[in-house]
Each structure stands twice: as C-alpha cells, then as structure tokens.
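Asker: Encoded as structure tokens, here's the structure I'll be asking about.
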Ligand SMILES: CC(=O)N[C@H]1[C@@H](OP(=O)(O)O)O[C@H](CO)[C@@H](O)[C@@H]1O
Ligand SMILES: [Mg+2]
C-alpha cells in the first residue's frame, strides 16, 4: 500500500471514531447494534467490501438493515460475489477491522491483511460495491458512512441502489457478477415472468377453482412497499397488503412481521377476527423471510402458524413430484436434499424423512444452511423462522436447459417436458442468492394452486409438536460454546447435564440453548408433547442458564 493510499485511509477514518466501551461483533448475519453507535462500523465495512471486491475482482454488496430488530437498531450485511453472505473466512478480519482502536491501528491492520491476501491497491481492477438500505430512518446516514469507507480505497466505486429488500440487493450482486443486467426493474421482471410460467404449467383440472386473495403483513417495512409493486405485475393472484410501511400505518417490526408472528404465535397488528381462516403471510423487516398463518376463531388473537418448516415441506413435496416424473420418464436420478437447524420442529423432520428425503442439520444462520445446500443437485433449506431458499447446482441446471430444448422438438406437451419447465421456472423465481420473502411467497402461492390446497390443507401436512422459545439475558453470552449443530452445550461444564435431566422428565422432550448472534441473549428452545410441558421445560432450562451464567437471580 503506498503512502497516498495510507494517507487517504487515515484521513477518512479520523472522521469515524469508534464508540468507546463497546465491542461490536460480526454475528449471525453481519453487524447489528443501536444505530447511534454504528457509523464507524459501517464505514469500516465499506473498506472491507472494497477490499473483498479487489480480492475477488467482482462486485460486492452492502445492505444497511437490522432485519427484524426494533427500528432504533440498524446493521450491515455483506454480499459476496455469488450473492450469498460474506465468506466466513473473512469474518475474523471483519471483527478486527470494526474494533481497531484508532485510524493508525486500522491502517496497519488493513496493510497487513492486504499483504497476506495478496490484494493490491491501484491495479487494473477497480473495486465496485453496490449499496442498499431498508426503510429505517438511520439508513441514509449509515449508507453515507459505507460510501465514505468505499471511497477511501483509491479507485473504488460505490453505487447506491436505493431502498431495497435485503434479497434484492443480494440478487443484484449475483446477477451483476454473472454479467447480466441487474436493475430493480430486472428483478421484478424476472420474478413476475417466472411466476406467470409456473401458473401456466398448472394442470388444467386445477385452474377451474378461483383462490381467495392473500393477505400480507409487510412488517411496516421495505417488504410491504415492494410487495405493492410486485402485486401490480401479477395476474391470477390478488394480494392485499397491510402494514405496508405507509405513513401512519405503524412502526417497523412493532407488533408486526414474521419474527413477531412466528415467536409470539398471535396475529400481527392490523389483523383480527374478520380474518378468521383466511390465508395470510407475514414478511420480516427486510423481507428475507416469511411465514404463513391463519387466524383462529376466539377473542385471544391466536393463530395457526405455518412456519419455515412447512414452507420447506411444501417446496420439497412439489419438487419431489417433478423429480419422480424425471426419474420415471427419463431414468434421471436427481440428488435432492433438505437442510434444517435445531429449531426445526421435530414433527417436520420426521415428516421429511418419511417422504424419503435426506435431511441435514447445521448451526443457525443462513450462511451455514446455504453452504450445506450446495451439496445437492437441488438443495432446499429453511430455518423455522421462514428464512430459506432453493439452490440448483450448475450442472443440474445446464442438464435441465439442454433437456428442455430437446423436448421442445421431440415431446412437446409431455408430462416430462412440463416437469422440466416447472423446475426451470422455479430456479428463476426463487432467489438463489439468499432467502427472499417476495419470491418465496409467490412460489408458495403457485404451488398451493397447483395442489388445489387451502392453507388449512397445507397446514395439515403434519402437526407441529408444541414448542417454546425464551430469551435469557446473561453477563457474557460468549461463555456458551456449543457443538453438534448447536444441540449440545460444551461450555460451561455441567450445563448440558442439567438440560438432559430436565428433558428426561418429558414425553417427546427436546431442548437446547445457544448464544444469539444478533441479540445480547441466550436463546432457549424446548418442545414436548403438550404446550404446557414445552413451556415448563423451556422455563426450567432457562433457570439453569440463569444459574450458570446469569446476574445472580433466577
Ligand atoms: C432463533 C432465530 O430465529 N434466530 C435467527 C436470528 O439469529 P440469532 O443468532 O438466533 O439471533 O437472526 C438470524 C438473522 O436474521 C436468523 O438467521 C436466525 O434464524
Ligand atoms: Mg431479515
């Protein structure tokens, strides 16, 4: 790194001093904290993204969002060249960078890292970073901090793509790196075209019955706003958007959104008894996850939740049907695998295994599930909270494309051709960069039509085991170390034994704990054969967590 570059970094970094007395760490999905302390972190992530762009000679993305967190929080997610999350190999550098005490130390760190990674400044390739943000009021100034960070690397170009959902930004990065046009209008065009194709491939006998409108909760965030745009491009699907983020409708993520609905299992604000039985979906604050639900009769606002596990099951079932045709008609064996985390309801895992599917378990966080899903020709992954997507391997996709062309001249209109076309359309509709509520909802909608299913019929695929999630505030959540896809506590010693003793008291009991990567808490999960038992199990495990790690009270 030459003196000019060093001087530039020093000068820019001095405008973004780090907050005193706090350490901000790269978590499950990037950095997240109260927005007021994030400027320096985001500025430094700008530098990191420019370095990553130089290293990979590809476009990188920065998304300013704190997803489902409260409106006063914000955060930053980084999209790698594939459109997926930043490679885990760079996470330790991200932590060091964010916490370097002053500009001199920061520049020293960058110089050392650049040398180790063989990154040269001022070469032929100029770094390029796409920037996006959600609707949070702090987004604009944090985006500016990211831009300053990028601009402090000589030659680097920052392009502001505006207010976007997280998956839109990831999609843009992916498509730019594939050499394709990646404007927001291209994104909308692609999902509405592939949705139309899939609607056209619905068996004729299923198209007769009209389906009711979908009612969607936009979490008062960017997803609601974008869904309003998407719905205008669709035919054959009516969507009523509530909590769309318009002035006066409510506060982002406050009593609304997929996270609230999934964890509390009650209606989001704006929904009530008039909606009993109707098909409803809820997006999270940055629209990278979604769940479905319907309102149950009664005054307690209870819902029947159709979560990520059931979305995964629906997708797996539909894809499996298409693969059965490929196998029968063409003798083609396709390796289909599904990926879940320990939060997956035990009943869903049983169901998927009974379908004959290979089920893999990874730690929490899309970065782990996504990576595992690459192991298959088609890998479907979902977290119970609704974050997931479907990945198609490059070789299987190219086989599908070739076969599609051949069949157009030999077997036009055959069942085999239809299955090939459906799979191709799914690969276009679903966002293969990252989980995407907009395209995910559209895929659910078209599959329900294909099956002729109501949300109630879908929900009956299997019955969830009652479960409960709790959060425990502790002194130091990093004191908890887990193993086996987070199902076992390794440290502190003795805690796992205590959990085992509690679990043994219940029929079908299962419980695990792990430190959250996005909030300063330990999460407790429990399931058992009745809700009361699941609640009690969670409560007693939480008490053990408190005893081992808490502030001295239980
Ligand atoms: C139990 C749970 O819902 N955990 C969420 C949450 O992570 P935590 O590390 O549990 O805070 O946020 C992540 C990012 O959005 C998401 O991937 C994950 O599933
Ligand atoms: Mg999110």
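Quick reminder: no glycine exception, Cβ is built from N, Cα and C everywhere.
Nobody curates TrEMBL annotations by hand; they come from automatic prediction.
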Asker: Can you tell which of 58, 67, 72, 511 TrEMBL lists as binding Mg(2+) with 284, 286, 288?
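Answerer: For Mg(2+), TrEMBL names 284, 286, 288; of 58, 67, 72, 511, the listed one is 67.
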Asker: Name the one residue among 67, 286, 288 whose Cα is closest in three-dimensional space to that of residue 523 (substrate binding site); these are the recorded positions.
Answerer: 67
Asker: Determine, for the Mg(2+) site, the additional residues of the same chain whose CB lies within 8 Å of the mean position of the CB atoms of 67, 284, 286, 288; present them in sequence order.
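Answerer: What remains near the Cβ centre is 65, 68, 134, 165, 166, 221, 223, 258, 283, 285, 287, 289, 387, 437.
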Asker: Say you check the Cα of residue 515 (substrate binding site) against those of the recorded positions 67, 284, 286, 288; which is nearest?
Answerer: 67
Asker: Report, in whole Å, the straight Cα-to-Cα distance of residue 286 (Mg(2+) binding site) from residue 385 (substrate binding site).
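Answerer: One finds 14 Å between the Cα atoms of these residues.
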Asker: Please name which of the recorded positions listed here, 67, 383, 517, is nearest in space to residue 286 (Mg(2+) binding site), Cα against Cα.
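Answerer: Nearest listed residue in space: 67.
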Asker: Quick check on the domain 'Phosphoacetylglucosamine mutase AMG1' (307-453): DSSP residue counts for helix, strand, coil, in that order please.
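Answerer: Tallying H, G and I as helix, E and B as strand, the rest coil: 87 helix, 19 strand, 41 coil.
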